């Protein structure tokens, strides 16, 4: 292995490129989280019933959103590889076919989102909360065509290394969401006070504005003049749509599985008492916020790897994968150390209840370990997406979540089969960390084999 592999100038160059791509994605992800925070906090100020309706509705909406988003994220490696290869005409054609997928997904998901009754009944949601939450979801369903088209266009932009434009639009959407919520939730400027339902309409408005703004930018922006996707009409092409879905469906399913496992565990913890639920939620909320950083870096890795492969530089793609994952591990280690050192102070931000703080501080130790193994897993998955290798990662995530995390967590948390007495929420977190460790190992091995095989096929070596 060459002595220049880890030379400081070479590593620094990779890190600069990765951060230049990933920092706008981090900000855009934080903006999306900010929109959720605005929705929850402003609906909570209106009434506790409306807050509960938004919270329950969001727990139903989020897995659907992540599934759709994952399918459309396939546009990033597709575009990145074509951009690296200089096949600019193909970029526009593939994006037009992606638009058909976005529209089809939006219509299917509208039907799913406006029919949550069976799940709400199974969850035992209080009837008045379920009724209001269903109205909230009906309002929110109006966002789906706009949201799907926006996600497709944002993924297209990312594949071309344009991550700043989606970031700017995402931040603008958060700023728009605040007055839109104020007007529609509380009934200002002649509008009726709609409460949680108004929150759904406000979010739908924001997604449509995001789609229109990004569409206009792609149509008239100088940067995308040679790859404008919407200057002509094309009927669906079965081959292109099939190729997109082959990459995108596994991504969407993996995201859906990962998000849904947390929802299922939250339901199981729900019977353990108020303090336990609150402590678990503190750890989960912090883990979700910190998760934004490695998942955004993983998106940057996808772009860099995809473009290198498009140029025929398999060795550069492998090098980017290696260095970027090491960077994520280092950063995750720093974040984990911060969580461990300040666990009680962090818990105190969320609650003043001594029992909640004590439990949350304990669970944050697991959350810190979770960040380390999840960083490896996310980095490996991000690189594999650049190779358009997504099916294996989906299978690994399904195994980790449903065959390891859930049964192991359930056994440790709620039974005494493996321990002297049930471990409570600690058991679920042990299950999650164990599952993510297995997924991290499997995806890392898969990535190494994929990198090595691709370099061999190109007659290249890592140097």
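Glycine too: its Cβ is placed from the backbone N, Cα and C atoms.
According to TrEMBL, the protein carries these features:
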TRANSMEM  49-68  transmembrane segment
TRANSMEM  98-116  transmembrane segment
TRANSMEM  136-156  transmembrane segment
TRANSMEM  168-187  transmembrane segment
TRANSMEM  193-218  transmembrane segment
TRANSMEM  247-270  transmembrane segment
TRANSMEM  282-305  transmembrane segment
TRANSMEM  317-342  transmembrane segment
TRANSMEM  354-373  transmembrane segment
TRANSMEM  394-415  transmembrane segment
TRANSMEM  427-448  transmembrane segment
Is it true that the transmembrane segment (247-270) and the transmembrane segment (317-342) have 3 or more CB pairs under 8 Å, sequence gap of 6 or more? no
Beyond a gap of at least 6 residues from its ends, the CB atoms lying under 8 Å from the transmembrane segment (98-116) belong to 57, 60-61, 64, 68, 71-72, 74-75, 78, 130, 133-134, 137-138, 140-141, 144-145, 147-149, 151-152, 155-156, 229-230, 236, 241, 244-245, 248
Are there residues at least 6 beyond the ends of the transmembrane segment (282-305) whose Cβ is under 8 Å from a Cβ of it, and what are they? 17-19, 21-23, 25-26, 29-30, 33, 76-77, 80, 158-159, 161, 163, 262, 266, 317, 320-321, 324-325, 327-328, 331-332, 335, 339, 346-347, 350-351, 356, 360, 363-364, 366-367, 370-371, 374-375, 378-379, 381-383, 385-387, 429
